[in-house]
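Working notes, beginning with the structure itself.
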Amino acid sequence: MKRKAEKAQAAAPVSAFAARKARQQQAQATAAAVKPPVAEPVVEPPPKRARRSLEEPVVPVAPEENRVQTRRSSRRKEEQAKVEKPTPKARNDQPPKASKKLPEHDTSKATEDQAPSDEESEEPDVVVGNTGVIGLEPIQNEEEGYESPADTAVQVQDFPLSKARLNKNSIVYSDEHRMCVRIKEKMSLVMIGHYDLWVKRGVVSLMGAKLHPSSQVYRVYAPSTHSLPVIKCVSGVNGEAEVEFKSCHSGIYRLKELSPLYQRIWNGKNTTADKLTLKGTPQSTKRTFSVLYTSADDSFKRHLRPLHLEKQWSSAIKSLSQRGGRLKTLICGPKGSGKSTFSRYLLNHLLSPAPQTETKYFNTDGVAFLDLDPGQPEFAPMGQVYLAHLRSPVFGPPFSHPSLDGSRNGTIVRSHHIGATSPKEDPDHYVLAAMDLMDRYRALQASYPQCPLIINYPGWIFGLGLEVATWLVRSLGLSDVVYMSEKGPTEVVQPLGQAAYQAKIPLTILPSQPTDFVSRSSAQLRSMQMQSYFHMSRPNGINNSLWLEQPLSRTKPFRVHYSGPQQGIQGIMVMGTEIHPDLLHEVLDGSIVAVVAVESPNAILGQNSGPMFANNANAETDGDHDVDMQDSADAVPVIGTSTIESSITRTPNEDLPYLFVGAGSSNPLDPKVSHCLGLALVRSVNVASRQLELVTPITGSTLRGVLEQGHSIVLVRGLLDNPNWAISEDYYAARAAEKRHRELIEKLKKDKGAAAAEDATLESEKQVLKDRIRRASKVPWMTVVEDNSRRQREAAQREKSLWKLRKKAYPGSDSEGDW
């Protein structure tokens, strides 16, 4: 099987579609060569990671400043006033008709226009890492789109959120922890924060689910980083539903002491509605949630928007759910089009715990969720594709449920580590993993025959990603395909419609989610999800998750022997280009690795078969036929003859078991005989004792169970984002402790006078905390910049800006350049 080193050679396009793209790019380059110069340069998308200047190593490069006024952004403003043209339907071989397409909604009705969050009113010191600002990751350069700060500051609007207004008659009871209210039919409430919801009377809708009266209590997470869930009364007794909201103390809010990304994302000061329901309680009383009538009620003045569903989305969800257990749908579309939101709504709708839904479908077998998006997975940390079996609706963003281990909501049936946030790094391995997960779903159907399937495909929908998507449509035996963009482009919609027609399944085209501004970039949300994953736990006997605010450096690690008679790690694999064994220690130390259970000694993919999705020099460049991938059996790489043990090289100095097979780049593990248990942070490599110190949320019982089954464990170092959030945790924790001590002294001064605040013990504690901050600021790979120069103030201002998603189409295509 050829790996990436062999794929890197120049080759002809793989299909007519790729050939057209190459000709379009050549024509675009020719046109650019004769175009007269313009005063305003066209700026390229940002690099994958910000780099420091050689002259000023501690100040992060700010490519955003050079990119905020582009011709594309100005052209987009002009085109926003125009009515969107519908994408032409695919014409070849009469593909099926897509659902009726309507113009996009105006971006002023965006569902996720959020503002940044900073906990402190004062500006904190800027923390800079070797790749940029720690905790505020640099923007990512994706093939299908990129994120950049907004061209101009977005003004805070008095945006309506709740239709209902609380009064004495609508409040059933309330205290400092809970409140029970009546909501009239077709009226809604919006809250920010996190809370437990109990439907006592009537029926309410929430994030696609219809919740009926029962003893079930649902945990809801509603941060400002995402659009806020809307609680709407669908029907009720005497036209009203009765719902109780209760504060919950999961500890997730404590993560603000470890990362600025978690600061000011929950509720602020009590709103007018809160004060009404807190009458008779101390003035300092505050719940973990707040009722918002409009965005102006927010004390932090953030750009809050309700999570309303498009009418076309509602119709599509109702139509898809009518298929019941026969539903097997692939949801795809460009980056930022709302695939994850639509998938979450459809999932919750299918899991609505009603005795009988409007579609006469009674769900007792749960829902299978096949997540093929390694960059923004829903129920797992980044870099993984997995099959989950859900039994209960889930209300919250991905960082509120980064793992299903021990969860009552569902389980992970099987997971595979891709080792990157995009499948384009190794599409062959990606497709093999998807095929194995689909086989696991078919096996799951033996026990749950009425279990529908939702497949979430990543935003990698152009070029080779389109080849993979169309192959999946033809091969997986689906019932439906949903494409999340009415704007095309034609180069995507036409092949996708053709594949759906050949598979005899309908293609539904829906409007994308009208999101223009968000308060966290994709890279920042990945950091938040990773940090949440490593700090989350589920103690026995507790239904909901808990988060620990202790930095990972103070967490007791697993100590695993990598050599000797008690060896627990069979090998260490580094995905991508081969490295010299002498460098393995440096590559491994302080990195994120996948803990993979290997079920066979012959678990490495061989090299005897060519790649499934690589450019082929002998491929046809004309005609309308793409690469023939319909016979998947011929395309599956065979297992090599070498075993894992025979492929291990011991490093000369540390005796680390370096596992490498391949020509130039590492062959991955075969998904059919391996699966991922989770991620771990390598805290240190103890050469003297031949041990690795691993910090991981994987339980000891899980690891013991794998070893008792006779499986071995391999650590896989992929191409994931560096754990900068973990490096800076001690510094932010020290700052938070010093702030709490400072507030205590100020309170003592106010209550007991200056003399009480000048106690020797308090002064000693103050010095200890300052020393802790000093020591925490001197860790490797991190620099604290304390000056208040103009460039630092500008960097802090960029940190507060909103992020705008820009999507790119092919040059010379029928679609808009920035759409």
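Glycine is treated like the rest: Cβ placed from N, Cα and C.
Taken from Swiss-Prot, the feature ATP binding site covers Gly333, Pro334, Lys335, Gly336, Ser337, Gly338, Lys339, Ser340, and the record attributes it to sequence analysis. The compositional bias 'Low complexity' annotation in Swiss-Prot covers 8-42. Taken from Swiss-Prot, the feature compositional bias 'Basic and acidic residues' applies to 76-94, 101-112. If you look up Swiss-Prot, you'll see 115-125 marked as compositional bias 'Acidic residues'. Residues or ranges marked as region 'Disordered' by Swiss-Prot: 1-129.
Projection of Swiss-Prot feature records onto the structure.
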{"residue": "Gly333", "record": "ATP binding site", "CB count, 10 Å": "24"}
{"residue": "Pro334", "record": "ATP binding site", "CB count, 10 Å": "27"}
{"residue": "Lys335", "record": "ATP binding site", "CB count, 10 Å": "25"}
{"residue": "Gly336", "record": "ATP binding site", "CB count, 10 Å": "24"}
{"residue": "Ser337", "record": "ATP binding site", "CB count, 10 Å": "28"}
{"residue": "Gly338", "record": "ATP binding site", "CB count, 10 Å": "24"}
{"residue": "Lys339", "record": "ATP binding site", "CB count, 10 Å": "26"}
{"residue": "Ser340", "record": "ATP binding site", "CB count, 10 Å": "22"}
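Sequence-ordered, the extra residues of this chain that approach the ATP site, with Cβ no more than 8 Å from the Cβ center of Gly333, Pro334, Lys335, Gly336, Ser337, Gly338, Lys339, Ser340, are Gly459, Met484, Ser485, Ser512, Gln513. Under the DSSP three-state reduction, Ser340 (ATP binding site) is assigned to helix. In the three-state DSSP reading, Gly333 (ATP binding site) counts as coil.
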